[in-house]
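Written out below as structure tokens is the structure these notes cover.
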Amino acid sequence: MLCKILGKDNPVFNLILIIAGVVAIAFGIWYSYITPEDVHHLQMLAGMFTGMGSAFLAIGVLNTLRCHFGSAEKRKQREIERNDERNVQITRYAMSWAAFGSVLFSAVLIFVLTALNHILPSMLILAGVYVELIIFLVAYKILEKKM
């Protein structure tokens with residue numbers, strides 16, 4: 001299950017977060033230096049990469065420290081709580097509501113951007129909604145065959 005692979009207690013996932021954070025910070029700083037000062041949107045993009053990398057690095061380091069220095073009893077309690085069937089169902093239900101909200105927000109944003117004559121961004125968001133729909137249909141068919 002995905003929540004077991006991407007859990008906070010998984011050291012491989014935390015290592016991937018730390019590496020991705022360092023790479024994003026390095027890319028953001030490097031890109032900031034090679035981009036001319038008058039191109040503000042590219043400077044902002046470099047700052048976004050640096051900020052995202054800093055967040056990934058901080059989350060990975062804090063989760064790793066929590067895993068290594070936390071008591072074994074608390075780790076076992078978190079594992080039991082994470083694998084509890086009720087919590088798994090609540091997580092799945094919340095994710096389905098989040099996906100529905102994402103599609104609804106994207107639809108509203110498409111109409112607003114089209115009304116403001118921003119055709120390219122609205123088409124990109126529409127393409128994202130289509131990708132989400134395709135992922136849903138493929139996952140539905142796969143799960144339908146398994147269950």
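Glycine is no exception: its Cβ is also placed from the backbone N, Cα and C atoms.
According to TrEMBL, the features are:
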| type | residues | note |
| --- | --- | --- |
| TRANSMEM | 12-33 | transmembrane segment |
| TRANSMEM | 45-69 | transmembrane segment |
| TRANSMEM | 90-113 | transmembrane segment |
| TRANSMEM | 119-143 | transmembrane segment |
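A contact between the transmembrane segment (45-69) and the transmembrane segment (119-143) is absent, since fewer than 3 of their C-beta pairs, 6 or more residues apart, lie under 8 Å. Using a Cβ-Cβ cut-off under 8 Å and counting only residues 6 or more beyond its ends in the same chain, the transmembrane segment (119-143) has close neighbours at 99, 102-103, 106-107, 109-110, 113.
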